[in-house]
Ligand code: ADP
Ligand code: AMP
């Protein structure tokens with residue numbers, strides 16, 4: 001399956017993507033994680049991306065699309081992928097469509113995670129991620145690691161993302177509403193959107209998502 005996850009920052013996209021990708025045996029591709037890996041490896045792309053990420057703005061389309069395309073062309077993604085954080089505006093969605101069309105492929109579903117803004121703010125405020133791999137995600141109250149400050153998966157140090165500060169989160173939410181939300185209508189016009197509530201326990205949200213994707217798969 002080729003799936004896009006959408007939802008505001010802090011909705012739980014990364015958390016759900018890890019389980020869904022595992023259940024569906026497809027790679028989880030997060031452009032945010034790819035940028036953070038570039039930042040920790042101190043690449044030129046990382047330096048460029050950080051200047052936008054720290055302000056809560058989108059990294060320019062040209063570099064983002066090239067990076068996402070490069071990742072989607074890796075051998076593990078031939079039979080499908082779960083995109084998290086990409087596309088993030090209509091031009092990225094159009095670029096993705098063109099890329100898939102040129103290979104004779106298409107998306108199967110766009111899973112829209114709905115969460116009230118007050119909950120998103122609480123989730124982001126308590127989010128802690130691992131220095132070794134930003135896909136290892138915890139929360140100070142909702143998903144506590146066994147040992148405070150230490151990643152359960154790899155023993156890495158947990159820290160708060162620079163862009164999870166209150167001011168940057170406000171900007172990121174504004175960017176979500178103005179630039180990312182329009183992709184939902186773009187994909188609705190293609191009949192691809194399934195919306196679920198992302199409130200409640202992580203495992204309940206995963207079950208809801210799997211059920212919605214199964215229905216979508218049968219409808220296709
Ligand atoms: P996104 O990738 O959409 O930005 P994350 O998956 O990083 O969101 O989740 C944001 C924070 O919320 C993390 O700290 C995560 O542990 C927590 N979280 C995710 N899903 C839930 C949930 N269903 N209930 C409570 N907290 C959650
Ligand atoms: P995320 O990890 O998805 O919350 O993304 C963190 C930050 O990375 C965003 O606020 C953007 O600055 C940048 N980013 C991630 N994905 C994209 C994208 N598809 N387009 C532009 N910028 C992105």
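Start at 1 and count along the chain as shown; that gives each residue its number.
Yeah, the Cβs are placed from backbone N, Cα and C, and that goes for glycine too.
Curation plays no part in TrEMBL annotations; they are all automatic predictions.
Residue 10 (ATP binding site) falls outside any helix or strand according to DSSP and counts as coil. What TrEMBL records for 10, 11, 12, 13, 14, 15, 127, 137, 138, 200 is ATP binding site.
The region 'NMP' annotation in TrEMBL covers 30-59. Using a Cβ-Cβ cut-off under 8 Å and counting only residues 6 or more beyond its ends in the same chain, the region 'NMP' (30-59) has close neighbours at 13-14, 17, 67-68, 71, 83-86, 88-89, 131, 133-135, 162-163, 167-172, 175, 179.
As annotated by TrEMBL, AMP binding site applies to 31, 36, 57, 58, 59, 85, 86, 87, 88, 92, 161, 172. Within 10 Å of the C-beta of residue 161 (AMP binding site) there are 17 other C-beta atoms, taking all protein chains into account. For the recorded site, residue 161 (AMP binding site), the DSSP three-state label reads coil.
Positions annotated as domain 'Adenylate kinase active site lid' by TrEMBL: 127-163.
Ligand 1 lies within reach of 14 from the binding-site residues 14, 31, 86, 88, 161, judged by a C-beta closer than 6 angstroms to any of its atoms. Annotation note: residue 138 (ATP binding site) sits in a strand segment as assigned by DSSP. In the structure as shown, the Cβ atom of residue 31 (AMP binding site) sits within 10 Å of 22 other Cβ atoms.
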